[in-house]
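Going by Swiss-Prot, these are the annotated features:
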- A230, Q231, T232, G233, S234, G235, K236, T237: ATP binding site (BINDING)
- 586-601: compositional bias 'Gly residues' (COMPBIAS)
- 421-582: domain 'Helicase C-terminal' (DOMAIN)
- 1-151: region 'Disordered' (REGION)
- 583-615: region 'Disordered' (REGION)
- 186-214: motif 'Q motif' (MOTIF)
- 354-357: motif 'DEAD box' (MOTIF)
Amino acid sequence: MADSLKMGNLSLNESQHAPAPSTASSGRAAYIPPHLRQRQMGANMDGAAPPPPGPAAAAPPQAGGSWGARPPRGGNWANANDFSPRGPNGNTSWTPTDGLRRPFNPNAYGNPGHGGGGSSSSYARGSGDGQWRDGKHIPGPPNPRVERELFGLPNDPSKQSTGINFANYDDIPVEASGQDVPEPVNAFTNPPLDDHLISNIALARYLTPTPVQKYSIPIVMNGRDLMACAQTGSGKTGGFLFPILSQAFQNGPSPTPAPAGGQLGYGRQRKAYPTSLILAPTRELVSQIFDEARKFAYRSWVRPCVVYGGADIGSQLRQIERGCDLLVATPGRLVDLIERGRISLVNIKYLILDEADRMLDMGFEPQIRRIVEGEDMPHVNDRQTLMFSATFPRDIQMLARDFLKDYVFLSVGRVGSTSENITQKVEYVEDHDKRSVLLDILHTHGTSGLTLIFVETKRMADSLSDFLLNQRFPATAIHGDRTQRERERALEMFRSGRCPILVATAVAASGLDIPNVTHVINYDLPTDIDDYVHRIGRTGRAGNTGIATAFFNRGNRGVVRDLIDLLKEAHQEVPTFLESIAREGSGYGGRGGRGGRGRGGNATRDMRRFGGGGGGMGSAPSYGGGYGGGAGGYSSGGGGSFGGAPSYGGGYGGGYGGGSYGNPSGPTGPSSWW
């Protein structure tokens with residue numbers, strides 16, 4: 001029955017598969033794959049005979065797509081008559097499908113031999129298609145679409161420029177120490193800045209320099225190294241981007257080294273030779289600096305690039321191949337690309353370490369030392385090195401001596417402290433009451449602005465955001481376990497206001513510049529007072545005002561002394577319960593957390609002038625503060641440090657980040673030296 005059963009035209013006795021390629025006796029032509037049929041038709045139109053049937057023709061020749069014989073027509077890599085670009089279909093044929101040969105255009109993919117670092121290239125390239133030609137910088141034409149993307153429209157809430165208290169910055173004390181410190185500038189003018197940069201600054205609607213910019217611009221333009229401490233949100237990014245971009249516009253690109261022996265001199269160069277390198281600790285921060293660099297390099301020959309871990313390395317490599325003059329990177333991914341031979345540091349003129357204390361605290365010192373001292377980067381005397389951060393404790397300053405030469409130390413305002421634009425409130429809340437108090441605060445303040453909530457653990461971030469969603473508050477979360485795509489999407493929804501509540505771990509605490517954050521809530525207080533400074537600095541930026549609320553209980557008594565000092569410095573109200581807990585004697589001196597350095601003294605003074613001094617007493621030994629607190633300087637006097645009990649990663653030398661010293665995974669990794 002099955003032998004005779006037919007359904008429509010389908011028979012159970014007949015195979016529904018295509019017949020196998022026939023032999024010569026069958027008289028049928030060999031099977032030709034679909035992607036080769038058009039090529040065969042083109043060959044027949046040129047008068048070429050089809051491949052003869054039989055076993056020898058079972059596999060038609062592939063044009064450059066196999067390890068076998070090359071096609072019979074000329075122009076291949078063996079006899080190298082010419083090098084035609086790939087066909088329009090993206091296949092491996094070096095001849096267009098219309099059968100007509102196309103002459104090789106050396107400018108088709110950029111300037112051969114100069115694709116990596118932009119040297120000597122006269123072709124339009126860069127974030128705004130500007131050019132460097134005949135020793136002159138020729139800006140590209142305006143692009144309204146790109147301008148809207150980079151600078152936004154007037155009164156665009158996603159593009160923050162200056163706030164209502166910005167003029168008060170003129171009253172902030174500034175301390176600059178070093179030999180022959182240049183005079184500050186009071187406006188964006190030429191000199192010292194390039195005219196094209198000034199036009200981009202005007203597009204960004206920046207009217208006057210911030211205090212850190214007033215000093216950093218002439219210091220860097222005069223070729224000096226710089227260590228700058230400025231309160232968070234005070235324009236540190238512009239403080240280093242403005243002078244290095246201005247110098248680039250005036251001086252042009254550096255020549256790219258000649259290809260090594262055996263390398264071909266045509267096509268796109270695979271290794272990039274940037275002239276400026278900016279290192280920062282987190283993916284979010286390097287992305288933010290890259291966006292600012294694109295903004296101020298608009299219509300110029302300078303091409304900014306960004307590389308960081310957790311993202312597709314292939315797309316980052318393609319971006320680098322298109323040209324890389326200013327590179328923004330995290331230390332780990334940069335080391336990876338150097339090992340792959342895709343980036344050379346031989347042309348570096350400017351090395352910038354942003355959030356330098358965070359990078360060293362997070363255990364990036366081995367990678368930074370390898371990048372600066374172990375690769376082909378020019379010697380400290382042959383480059384300019386700039387360090388920017390909100391805090392610079394003494395032991396970090398001592399380490400910085402290895403990277404800087406004859407530097408100017410710049411301290412703006414109460415740095416290592418907090419901005420007076422931030423109203424700080426400390427509430428006594430037990431752990432089991434935190435959710436209900438948080439709901440009360442959110443109901444009181446509403447969602448008119450952006451609210452950033454900091455927690456200590458990844459699990460708490462997910463749990464709290466789910467709780468807020470169930471309470472009909474639009475919330476999202478970012479932490480280290482989320483993919484880069486998820487983190488970028490969450491930040492974009494938060495920035496745009498579609499999701500005005502963001503729950504974050506410390507991954508978002510350092511350096512992020514998110515406009516219009518009106519309220520920062522420390523749901524879990526950190527064990528390090530510097531982390532608290534970085535967290536609340538996400539609001540009150542660029543002269544705007546903000547509110548910072550901290551949930552405090554006796555579990556946080558390790559930071560009570562530093563918290564009281566911080567509130568007093570910023571002229572904030574000190575709750576009575578903080579003073580009573582401090583008097584109980586359990587919170588004197590140090591910062592625990594990652595080994596504890598102690599705040600002993602002002603963490604923003606120039607070590608060359610004020611010497612070492614002792615650290616704090618440390619916090620409870622179980623949290624790594626231990627005995628001694630800060631190292632207090634090697635030869636400048638002051639107490640040394642044992643670093644704290646090793647039960648929480650204090651170990652030896654607590655002033656170097658405790659358990660995370662030398663550990664690339666940062667403070668959340670295991671407490672070991674590797």
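Glycine is no exception: its Cβ is also placed from the backbone N, Cα and C atoms.
As a whole-number mean, the pLDDT of the motif 'Q motif' (186-214) in this prediction is 88. Remote same-chain residues near the motif 'DEAD box' (354-357) are listed as 236-237, 240, 278-281, 285, 289, 387-393, 396, 400, 510-511, 530 (criterion: CB distance under 8 Å, separation of at least six residues from the stretch ends). Break the motif 'DEAD box' (354-357) down by DSSP state and the numbers are 2 helix, 1 strand, 1 coil. Secondary structure at T237 (ATP binding site), taken from DSSP and collapsed to helix, strand or coil, is helix. Summarised by DSSP class, the composition of the motif 'Q motif' (186-214) is 13 helix, 0 strand, 16 coil.
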